[in-house]
Structures are given as C-alpha cells and as structure tokens.
2 protein chains.
Amino acid sequence: MFRGLSAFPLTPVDEDGVDLTAYAALVARLAGAGVDSIGALGSTGGYAYLTREQRARVAEAAVDAASGTPVMVGIGALRTRDVLALAEDAQNAGAAAVLLAPLTYQPLGDDEVFGLYEDVTHHLSVPLCVYDNPATTHVRFSDELHARIAALPHIGSVKIPGVPTGAEDRVAALRALLPASVALGVSGDWTAVRGLNSGCDVWYSVLGGTFPRTALALTRAAQSGHADHANDLSDALEPLWALFRRHGSLRVMAAAASHLGLTGEVNLPRPLRGLDAEQRREVVAVLDALGLDE
Amino acid sequence: MFRGLSAFPLTPVDEDGVDLTAYAALVARLAGAGVDSIGALGSTGGYAYLTREQRARVAEAAVDAASGTPVMVGIGALRTRDVLALAEDAQNAGAAAVLLAPLTYQPLGDDEVFGLYEDVTHHLSVPLCVYDNPATTHVRFSDELHARIAALPHIGSVKIPGVPTGAEDRVAALRALLPASVALGVSGDWTAVRGLNSGCDVWYSVLGGTFPRTALALTRAAQSGHADHANDLSDALEPLWALFRRHGSLRVMAAAASHLGLTGEVNLPRPLRGLDAEQRREVVAVLDALGLDE
C-alpha cells in the first residue's frame with residue numbers, strides 16, 4: 001500500500017466533538033478520486049488532539065468510507081502504553097497500516113525512540129510507517145536511528161520530512177540504509193515533487209487530503225517518469241505553497257475545506273485557531289486563481 | 001503561595017500504573033521538611049504521560065499528604081478542552097494553584113498561546129502559574145506575550161526557564177513587564193541561584209522534590225540576602241548539576257529516589273527509560289560524595 005499518493009484528510013472537529021458525517025464524506029471523496037491510500041489521523045487529521053474513543057470512531061469511519069482503498073491510521077501518543085492501545089483499536093477498525101510519530105514532552109534519547117518502535121512493533125500484525133516529523137515531535141532521526149528502527153519487524157515505510165535541497169542525495173543515502181522492503185515516502189508538500197522525482201515510492205500528502213485530483217496529477221507525472229511535467233505542476237501551485245509555509249498547511253487546508261463546504265467553519269480543536277477573515281480571503285483568492293475548486 | 005521553595009516531586013509510575021503510596025510518602029516528606037509549596041504533576045511529576053483519572057488521584061493524594069502546605073497542580077494538555085477538565089479536577093482536589101504549560105503538537109502562534117490562557121483563566125477560581133518551558137513545549141514566549149498573558153485575571157506567577165547568563169537584567173526586564181501581583185519564579189536548577197539572587201520570588205525546584213533540605217538551605221540563604229553563601233551552596237552541587245545537564249534532571253532524580261528507597265526501581269513511564277546500571281552508579285557516587293542522603 002505504500003506507493004503513489006497517500007492522501008491525508010482533515011478530521012473536522014470543534015469544541016463539541018468530531019463531525020463524523022463530514023469526515024466520512026471527505027474520505028469517500030478521496031477514494032472516489034482514486035488515491036492510492038488514505039492517511040487517517042495524521043498530523044492533518046489532528047490525531048494528537050483527540051481522545052482514544054474519538055480516534056477509534058474516526059478510524060472505523062475512515063475504513064468504512066474508503067470502500068476498499070487502504071487506510072493507514074495514526075497511532076502516536078506521548079506514552080507507549082497509549083500507543084499500544086491505539087494500535088489495537090486501529091487494527092480492530094481494519095487499518096491496513098499504522099503511522100507512528102515519536103511524540104515527546106521530555107526530550108527522548110535515541111534508545112528511547114528505538115524502544116518505542118520495538119515495543120509497538122512487537123504487538124503489531126499490520127505494517128507500520130515510521131513518521132519522522134521534527135516540526136511536531138522535535139525528534140531528530142539520525143541515519144543510524146532510521147536504520148536501527150527499519151530493521152525491526154513490521155516496518156513497512158518511512159515518512160521523511162520535505163527535502164528542499166539535495167533530494168537525490170538524501171533519497172539515495174536513505175535507500176542505502178533501509179531494507180529494500182521498506183518504502184520511502186516524502187512529505188512537506190511544497191518540495192514533495194523533488195522527493196518523488198528522486199525515487200521516493202509515495203507522497204504522504206496534505207494537499208491530497210483536500211484536493212486529491214490535483215495531487216494525483218502531480219504524483220502520476222512523477223511516477224511515469226515525466227519529472228519536468230511534475231515539476232511544472234508543483235511550480236504552478238507555488239502561491240498555495242507560500243500560504244502553507246506562512247500559516248502551516250493544516251490551517252490553510254482547514255480554511256479551504258470550509259470554503260468548499262466540506263466542513264463547518266470551525267474545524268480545528270482549540271488551542272488551534274482557524275485563519276482569520278482576511279487570511280481566509282487570501283486562501284480563497286489563491287484557490288480561485290489556481291482553479292482549485294475540485 | 002508563590003514564594004521561597006516550591007518543590008516538584010516525581011510521580012512514581014511504571015507500566016502498571018502510579019504508585020500512590022510511594023507518592024504520598026514523597027509529598028509528606030517535603031511538607032515535613034518545611035518547603036513553602038509543592039508542585040504536584042509538574043514536568044518532574046510526569047503529568048504529560050498520565051491519564052485524567054490518574055492525575056485526579058495524584059492531585060488528591062498530594063493535597064492530602066501535604067497536610068496544609070499549599071499544592072500547585074499541573075494542568076497542561078495538548079487540547080484546551082482537556083486543560084479545562086484538568087483544571088476542574090485540580091480545584092476539586094483542593095489545589096491552591098494550577099500550573100499550565102502550553103503543550104504543542106502543531107506549533108502554536110502567539111494568539112493561540114494567549115487564547116489558551118484566556119480560555120482557561122476564564123474558568124478558574126485559584127491562581128495560575130504560567131509555565132514557560134521551551135525545552136518541553138517548544139513555545140518561545142516573547143516578552144510581549146508574557147505581558148499579555150500576565151494581564152489576564154488569576155495569573156499569580158510566571159515560571160521562567162533557567163537564566164545562565166544576565167540573570168539580573170533578565171529578571172529586571174520581566175519585573176518591569178509584569179504586574180506587581182505576579183510572582184516571578186525561576187527553574188533550571190543549576191542556575192536557579194542566579195535567579196534567586198537577582199530577585200526572583202520563588203524557586204520551582206526539581207532538586208527540592210527529592211532533596212528538600214538541601215534546596216531549602218540554598219533558598220533561605222538567597223532569601224535572607226546571603227547571596228555569596230547561596231552561590232557557594234549551589235557551586236558545591238556542581239557534580240549533580242553536571243548529571244542534570246547530561247541526562248536531564250528527571251532521569252537523575254528518578255535514579256536518586258529509587259536509590260534512596262523512596263520509589264521502586266522502575267519509576268518512569270515508557271517511552272522514557274531510567275538510567276542504565278553504570279549511569280546509576282555514577283549518580284550514587286555523586287550523591288555519596290555530596291553527602292546527599294537526606
């Protein structure tokens with residue numbers, strides 16, 4: 001399942017709870033567009049802000065609405081014990097894979113990060129994607145740590161942050177470290193095309209969670225060896241990438257989903273706040289200019 | 001209550017749960033030593049790793065075992081909704097104050113951090129201590145943000161990170177920004193004496209949570225204007241401070257508490273791991289050399 005476009009939808013949530021109806025429609029829309037997999041409860045899906053019960057309901061809704069498109073479910077939590085419970089819930093919901101970032105409060109040493117993956121993979125029966133996201137976890141994966149973890153059973157993929165420069169060298173270096181069975185996936189949407197063109201197997205995509213056709217066009221161009229065309233498609237999205245960099249991709253996609261009527265206006269949990277009225281107008285102007293109304 | 005020594009005990013926890021008996025004894029020991037207040041469920045108390053139910057039981061145990069010594073209870077969580085529930089639990093348990101760090105997964109903007117404190121203070125009836133701890137939260141409080149938050153109702157104190165250099169200027173600058181009713185407290189044990197000698201009202205102390213008499217001697221020296229003596233007492237602890245810097249103060253105090261028989265050997269929740277055998281021997285050697293067997 002770790003190939004092509006993995007689309008990460010929002011989980012619409014406000015102070016009253018998760019809007020499961022809107023969520024199921026978001027997921028069904030991605031499956032209908034033909035994405036290769038769905039990343040439920042990723043960072044864009046706000047997993048860190050939801051209770052175990054909410055996450056179980058969201059995982060079930062995702063698998064149901066995906067109608068056979070494989071669903072990967074985020075199981076990250078600060079405590080190993082909670083991660084194990086979330087892994088069980090995700091598997092019971094029918095997840096084809098799980099996604100695990102090493103959340104931190106106390107900074108973790110490499111042995112502690114490794115120990116987390118060792119404890120969790122010991123109890124898994126589906127593949128796990130290692131989620132390397134220093135912007136949210138503040139864990140810096142060394143190459144040695146990546147290699148140690150990737151040698152554990154059930155490791156199916158590594159999701160790396162964006163590679164703004166030196167993508168070819170970075171991808172080649174990681175490839176040399178990881179078992180051939182471990183798929184390499186790129187995130188950081190605005191430079192993702194560089195990862196894809198450098199041989200990453202999959203794009204773990206925020207854009208794809210709300211604009212699956214646009215993200216698919218880019219992914220298919222890169223997969224079929226049309227690197228220049230893929231680059232052009234990514235370059236054309238630069239006004240949107242600029243908004244991602246300025247506000248964070250989550251807040252921009254939350255504003256876009258609300259504008260498209262896919263969710264209510266409030267769709268992020270406090271303390272996160274949606275963009276203000278002027279920022280939303282900017283987002284809408286960019287979507288209009290790019291023809292992003294799918 | 002925001003004066004002198006505020007001692008932050010461990011919450012002994014393993015994969016089976018919290019050891020409330022050992023915890024109550026730890027707290028009673030602090031109260032017996034005469035600390036000015038107790039910081040239950042701070043970073044040293046592992047609040048971020050415990051469930052709401054565990055935290056409620058720990059808060060109740062702390063207030064009970066403190067026998068009248070005021071207890072401040074940590075209420076931090078990633079989501080505002082959870083912080084509000086924890087604030088209610090802490091107040092119901094009899095907390096004299098609450099301690100709130102802005103935990104993050106998605107990086108928060110200043111307006112989001114301010115909004116968190118605004119939402120929480122709106123529902124409080126006890127004073128709140130703003131917990132500025134970039135090493136765990138990755139929030140950088142600007143001076144402007146500190147001033148905005150300190151102007152909210154119920155703000156009783158600001159807990160700042162250690163001030164390794166320029167303590168006098170830093171403390172004077174913050175004093176000028178904060179209302180006179182807001183107590184300034186320093187943490188970062190190995191430079192705390194500089195904060196105290198520069199006019200901080202309180203030391204939020206990791207050391208004091210396990211070695212209250214040693215921390216009290218230093219605090220009382222600084223409070224009574226004997227800055228040189230306070231400096232000497234802190235300098236004498238340099239071998240311990242070196243271990244704090246190397247392993248994190250939490251892991252060192254966890255090893256010390258276990259060595260003193262105050263907790264079981266495993267007293268940290270996974271993915272955190274205690275120090276290994278050789279590191280524990282180093283801790284014991286330092287405690288012995290310093291005569292820290294209180």
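From the backbone N, Cα and C atoms, a Cβ is placed for every residue, glycine too.
As given in TrEMBL:
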ACT_SITE  A:Tyr131  active site, proton donor/acceptor
ACT_SITE  A:Lys159  active site, schiff-base intermediate with substrate
BINDING   A:Thr44  pyruvate binding site
*Under a criterion of Cβ-Cβ distance under 8 Å and sequence separation of at least 6, what residues of the same chain contact the residue listed as 'active site, schiff-base intermediate with substrate'?*
A:Leu99, A:Cys129, A:Val130, A:Tyr131, A:Asp132, A:Asn133, A:Gly185, A:Val186, A:Ser187, A:Tyr204
*Under DSSP, is A:Lys159 (active site, schiff-base intermediate with substrate) helix, strand or coil?*
strand
*For A:Thr44 (pyruvate binding site), which residues of its chain lie six or more apart in sequence with Cβ-Cβ distance below 8 Å?*
A:Phe8, A:Pro9, A:Leu10, A:Val206, A:Gly209, A:Ser249, A:Leu250, A:Met253
_Neighbour tally for A:Tyr131 (active site, proton donor/acceptor), based on other Cβ positions within 10 Å of its Cβ_ = 30
